[in-house]
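Novice: So Swiss-Prot has the following annotated:
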ACT_SITE  Cys142  active site, acyl-thioester intermediate
ACT_SITE  His235  active site, proton acceptor
ACT_SITE  Glu237  active site
BINDING   Lys163, Ser192, Arg249  substrate binding site
SITE      Gly111  site 'Important for acyl-CoA specificity'
SITE      Ser192  site 'Important for substrate specificity'
Amino acid sequence: MPIRISDDLPAADILRSENIFTMSESRASLQNIRPLRVLILNLMPKKIETETQIMRLLSNTPLQVNVELIRVDARASRNTPKEHLDKFYSDFDRVKNQKWDGFVITGAPLGQLPFEDVYYWEKFVEIVEWSRHNVTSTLFLCWAAQAALTYLYGLKKETRGDKLSGIYLHRTHHHHHPLVRGFDDEFWAPLSRFAEFNSEVVSENSDLTIFADAPNAGIYLAASPDCRQVYVTGHPEYDASTLHNEYLRDLEEGLEPKQPVNYYPDNDQNKTPRAIWRSHGNLLYSNWLNYCVYQVTPYDLADLI
């Protein structure tokens, strides 16, 4: 949140020069405040787990956020009770005639499948295109980030033979940008994907700003110049046990996965993992919600272009 100070206070210019978020009294007096409207398109199999993880991060700000959950279609889910979906989820057609402050599109366990072979690919493209004109800022997570980068920029993902699974150390760039304000120079974040995007290729073929990457894992965080599209190729929302559960799932399916790196204490899968990425995840969501959504969204969403 910004600090409200007198227009004439000598400290004002100093704070602004240090990129501290200040707001003049004259601007503050003109602000109208209302709850933010945030939409979540949940593509993950375990929807209750995922919606809880994301809402936990969305709630960690002083802002009031009204959340609505949607699904891509009404197909039956193997991992989420029908009663839960019918009660708490809407179809896209029900919300598409409204405008929204923020939109989160989750990942999906589809990393080895070509995008055009995903049964809801056309619907996904429709939703992404809709979001460009009806949402102040959209946050794409993991598979959704890969899919959106391919659709919006024609960027081709590099599919690895082995899965990137574990906690990876990332480098922060453009430290003074609001999206990464407060980030450490390096931070840990969970990854669970087969795809990666090379930083140099993305820089040369798009207008995206790359805010974080890893030498052995490619881009982690990038955004369009106006931050209306923000891409996260990992899972800052994951609980401490999520990667463990995915690892066990892949073992049961006979996929012979490698043990997640930098995850189990002493590399012993019998020891309880510790979440060393939680503060970064909270800060990322807080910055996105504050600087990319709250500070730029119109009071009357009908004015959103």
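Even glycines carry a Cβ here, placed using N, Cα and C.
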Novice: CA-CA, which of the recorded positions Gly111, Cys142, His235, Glu237 lies nearest Lys163 (substrate binding site)?
Specialist: Gly111
Novice: By the DSSP assignment reduced to helix, strand and coil, which category contains Lys163 (substrate binding site)?
Specialist: strand
Novice: Within 10 angstroms of the C-beta of the residue listed as 'active site', what count of other C-beta atoms is obtained when all protein chains are considered?
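Specialist: I get 29 for this one.
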Novice: Around the substrate site recorded as Lys163, Ser192, Arg249, what other same-chain residues have a C-beta within 8 angstroms of the site's C-beta center?
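Specialist: Counting only non-site residues, the set is Pro109, Ser165, Leu243, Glu246, Tyr247, Asp250, Pro257.
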Novice: Need this for a regression test: recorded positions His235, Glu237, Arg249, filtered to those with Cα within 10 Å of Cys142 (active site, acyl-thioester intermediate). What's left?
Specialist: His235
Novice: Take the C-alpha atoms of Gly111 (site 'Important for acyl-CoA specificity') and Ser192 (substrate binding site) and report the distance between them in angstrom, rounded.
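Specialist: The Cα atom of Gly111 (site 'Important for acyl-CoA specificity') is 9 Å away from the Cα atom of Ser192 (substrate binding site).
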Novice: Other Cβ atoms within 10 Å is the metric here; tell me which of the recorded positions His235, Arg249 scores highest.
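Specialist: Max Cβ neighbours within 10 Å, all protein chains included: His235.
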Novice: Out of Cys142, Ser192, which of the recorded positions is least crowded by other Cβ atoms within 10 Å?
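Specialist: Ser192, out of the recorded positions Cys142, Ser192, has the fewest neighbouring Cβ atoms within 10 Å.
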Novice: Can you tell me how many other Cβ atoms are located within 10 Å of the Cβ belonging to Lys163 (substrate binding site)?
Specialist: 20
Novice: So the record assigns Lys163, Ser192, Arg249 to substrate. If I measure every Cα pair among those residues, what is the longest distance in angstrom, as a whole number?
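Specialist: For the residues that bind substrate, the greatest Cα distance is 14 Å.
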Novice: Just counting, how many other CB atoms are there within 10 A of the CB of Gly111 (site 'Important for acyl-CoA specificity')?
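Specialist: Other Cβ atoms within 10 Å of Gly111 (site 'Important for acyl-CoA specificity'): 18.
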Novice: Can you tell me the CA-to-CA distance separating Arg249 (substrate binding site) and Glu237 (active site), as a whole number of Å?
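Specialist: Their Cα atoms are separated by 19 Å.
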Novice: Which secondary structure state does DSSP assign to Ser192 (substrate binding site), in the simple three-class scheme?
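Specialist: Where Ser192 (substrate binding site) sits, the three-state DSSP reduction gives strand.
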